[in-house]
Amino acid sequence: MDLLKSIPKVDKFVSNKAFEEMSKPLILSIAKNVINNLREDILKENIEKIDETKLIQEVISKYEDITKPSLQKVINATGVIVHTNLGRSLIDSKTFDAVKQIATSYNNLEYNLELGKRGERYSHISNVVKKLLGCEDVLIVNNNASAVFLILNTFAKNKEVVVSRGELVEIGGSFRVPDVMSSSGATLKEIGTTNKTHLKDYINAINENTSMLMKVHKSNYSIEGFSSEVLFKEIVEVAKEHDVIDYYDMGSGHIIDLPYGLDQSEPSVLKYMESNPSLLSFSGDKLLGSVQAGIIVGKKKYIDQLKKNQLLRMLRVDKLTLALLEENMKSILLGKLENIPTLNMLFKSLDELKKDAISLQEKIKDICKTEIIETKTVIGGGTTPNKKIPTIALSIGFKNYKPNKIEKLLRAKNIIGRIENEQFLLDFRTIQKDEIALIENILKEMINE
Ligand SMILES: *Cc1c(COP(=O)(O)O)cnc(C)c1O
């Protein structure tokens with residue numbers, strides 16, 4: 001029990017010079033914990049002697065764990081452009097600078113500068129979006145999941161919503177259409193079969209308690225073979241005839257036509273707007289290439305009703321979201337697509353990608369075994385299910401390490417690549433120009449370690 005007597009006194013322990021530069025209250029709280037654990041270990045006879053230097057190191061390491069930034073920059077070398085685990089869409093740094101002033105100063109978020117009275121938060125973006133999409137009105141919420149929830153809750157609480165069985169999707173991160181529907185208060189009316197839904201299924205399902213015909217984008221799978229689904233424009237027609245609302249949850253909404261023939265299977269928001277729908281919603285940070293947001297467009301009378309739902313207060317977006325989204329929409333309207341990194345990556349030609357790959361290859365050819373690989377990647381984020389686009393990667397080998405060892409070592413330096421055909425690849429579809437030098441430096445450091 002002598003050991004118990006020699007446990008350091010907390011007050012004295014925290015006054016050690018090693019903690020001089022650190023936050024006193026935080027050090028005190030960590031030190032109390034460490035010393036309590038020490039006491040318990042002594043009582044359990046797990047410990048034979050007290051090593052104060054080790055205790056100091058333990059406190060410092062816990063302090064560093066807490067204070068180091070948890071959210072960090074990574075280099076996305078996976079080739080997956082809309083990578084939800086890696087933050088989905090990048091914001092161009094010039095766009096970010098333009099918006100910085102809104103965050104660092106007061107602004108007219110809900111203030112009408114002309115009238116000197118309270119203004120409307122959602123008004124800022126509406127003119128640009130109306131011009132761009134030709135819709136009557138627009139509403140921005142926290143994300144597309146909240147858009148779906150708000151729409152169902154507003155129009156279909158205690159009423160029926162007709163959805164095809166082939167579209168009852170589950171999207172990563174526990175977004176399941178049937179579950180979202182029931183928690184919004186709507187009753188799901190499933191129609192058709194897994195592989196086939198016909199227009200008559202929609203028509204037959206409509207009764208006096210039907211509020212909405214809903215279509216959901218099959219974001220992460222496709223139904224091949226003996227299958228058919230009903231086009232949204234046909235659903236819009238039927239909804240109009242029967243005086244119910246039509247709504248398409250597009251998932252990733254893109255305004256610019258996709259390359260590589262993907263526009264055939266994945267039409268743009270503009271295409272869907274041609275059928276004059278009641279409501280459409282899509283994500284701000286998938287192929288639109290902006291911040292996390294849910295964008296709802298459609299008829300003014302429905303958007304007005306959404307704005308009256310109390311829930312909107314819980315789903316409302318910050319000034320930064322609105323400012324960044326406004327810049328994104330303006331860039332599209334003005335044809336300045338170079339301001340949208342997601343689109344830059346998507347439209348980059350194989351020649352450009354190859355040039356980037358060769359520039360890294362040249363710099364590391366003396367330290368790594370490399371090869372330029374022409375391969376394919378996915379866009380990701382539930383944007384173009386089961387479709388691939390061409391890309392260029394550089395395979396990296398060194399010190400006879402196995403690919404998964406190289407993957408792990410580079411991941412420890414925040415470079416995330418992928419393994420394909422037993423090779424570790426850096427995919428240039430998602431590597432930014434200024435990251436090539438960073439990768440070079442990191443690889444050179446690693447060779448010396
Ligand atoms: C991605 C997706 C959502 C969720 O959108 P978030 O913006 O991530 O909330 C909803 N529906 C579909 C069909 C999707 O693809």
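Just so you know, glycine gets a Cβ as well, placed from its N, Cα and C.
Here the structure is a predicted model, which means the values were calculated and not measured.
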Which one of 7-34, 119-146, 203-230, 343-370 shows up in TrEMBL as coiled coil?
343-370
Restricting to the coiled coil (343-370), report the mean pLDDT as a whole number.
97
Quick check: in three-state DSSP terms, what is Lys286 (N6-(pyridoxal phosphate)lysine)?
coil
